[in-house]
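Take a look at the structure set out below.
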Amino acid sequence: MSETAVDEIVRRVLAELKGSAADAGAVRAVVDRDVVDGGEIPDIRGIDYRQVYEVTDPVNGEEFARIKARTWARLGQGRSGPRYRTAALLRFWADNASAMDAVFTDVDTALLDEMGMFSVQTLCSSKDEFLTRPDLGTRFSDETMAEIRQRCAAGPDVQVYVADGLSSTAVEANVPDLFPALVQGLKLHGLSVGTPFFVRFGRVRSMEPISEALGAKVTCVLLGERPGLATPESLSAYIGYRATVGMSEADRTCVSNIHRDGTNPTEAGAHIADLIAEMVRQQASGVNLKL
């Protein structure tokens, strides 16, 4: 392209920009206008995006929408040029923020009081240390272990406790419904249940010293899982028969994906109770448990 042609293009672009420029009064009117008049900005996470299909001119939009309705995957969001549309981008940011909140917030102490659970803490001194030193989330001080022995019944058939793990949101959303169903199910199976309590900054392996200290046949920890963009509320139950410090992961049983859009917490409680009863009968857990 010649230099003359380039100059002509630049001249035309500048002329168009000059001709379309808004006057100062119009700009001021837009800037001074309230963004929201007497209302609240809606929570974008309250929208069920499985029902939202934003691709323009699809080849078979009806079939795509049918598939999309069955998954939380980010399908059919559409594009504006090479970029996400505004609604899709805002939803992504909102989901990411919810996941971060799940990790960094603490479980409400009022909930623990309501459920009659006392609280202890692992060797982690802060949330940052909990995230950067996973090993400390599996161990307790001698004083804490002494408190657990003192306040909990010794030698129960089943010891159930709750740990925040990586999602306090999951604990608050699921434990109030799951825990009563679990305890009721265990009692229907004729199993004694130990004293429940809460572990702050707890990892899965925190169950091992607790099991050894209390002498439970089966130890079950209800623990908040690492949140994702699909949900920050996923809870898991990790269960071990005669758990000991250093036990293999293969000897542990896990019931995962417990949340309102996964396994219902009340149903999960009943299922876990049946599973634990079978563990006691077979005296095994993990890969050694035959189901």
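One is the number of the first residue shown, and numbering goes on along the chain from there.
Using the three backbone atoms N, Cα and C, a Cβ is placed for every residue, glycine included.
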TrEMBL records Val204, Cys254 as adenosylcob(III)alamin-binding residues. Which of Glu225, Glu233, Glu267 is assigned to the same site?
Glu225
Additional residues surrounding adenosylcob(III)alamin, by Cβ distance to the Val204, Glu225, Cys254 centre under 8 Å:
Gly165, Leu223, Ser236, Ala237, Tyr238, Ser256
With adenosylcob(III)alamin as the bound species and Val204, Glu225, Cys254 as its recorded binding residues, calculate the greatest Cα-Cα distance and give it in Å as a whole number.
12
Fewest other Cβ atoms within 10 Å: which of the binding-site residues Val204, Cys254 wins that one? Let me know.
Cys254
What three-state secondary structure does DSSP assign to Cys254 (adenosylcob(III)alamin binding site)?
strand
